[in-house]
């Protein structure tokens, strides 16, 4: 069997839903709307967190990083997806595919770690309120975020290099919307047990371990919330924690289902719909979840708009 991968100058073909062309126009409209909402929502959170001094806290520092991450993640995938949905060709260059694959892995792994960091922040805020500022000092917050970004970078470098070395035997059709790992592994003409073990091991490190720490944090938080007698504080804690827990459920649920089971046991159409969910819907919902349930963000937006209106009148 010829296991040569061929020239790296060849284009990959992103099949998407090309076997169901009647769906492509509908999906392109939905994807475009979600992308605009993603851009507006996440940019708003970043700007409001920066402009309003009352939001210069660890929670909003982490939330700004999450919004920036979601912006990068969506932008690394959706524009090319729209070009392919709208245009007659479904191709992406080899270099473009590698970059898309790398950034999807890097940003996805970083978000896994960042959500765990945010859970620790909520634990410190609820369970250690008097020492919160001492525990979550700026230097620690910066180091935690840097660790999350570097951890995602390291995992992406490992998985990207190993996946691209798999022999494809002349296969250049990616049966998905973008170059992601499960679809690229299925293109290989050999089954790599080593690759499967490495993917599972990194899945444990970046998915199961952070999720376990998040769940432990919320068990402790729940015990603390039960003892809170102030109704106003209880409501505030519930709102902020519920927002984070909702994001965790949406993000981790789909990723664990996609990456933690053997790649040859999932149907491709099922994989495509799950891909749509965590690449398009989740980055769109994150800012909506955090702003709609968060009075601090809504109040900050009103303060900024009032200042701008007052400045305009002056």
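Using the three backbone atoms N, Cα and C, a Cβ is placed for every residue, glycine included.
Heads up, TrEMBL stuff is auto-annotated, nobody curated it.
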The annotated transmembrane segment range in TrEMBL, which must be one of 1-24, 25-48: 25-48
Per TrEMBL, the range holding transmembrane segment, considering 167-187, 272-292: 272-292
Averaged pLDDT, computed only over the residues in the domain 'G-protein coupled receptors family 1 profile' (41-290): 85
Selection from 144-164, 242-260, 272-292, the stretch that has most Cβ pairs under 8 A to the transmembrane segment (197-221): 242-260
Result, the transmembrane segment (98-123) in contact with the transmembrane segment (144-164) (3+ CB pairs under 8 Å): yes
Candidate ranges 25-48, 242-260, 272-292 - greatest C-beta contact count to the transmembrane segment (60-78) (under 8 angstroms): 25-48
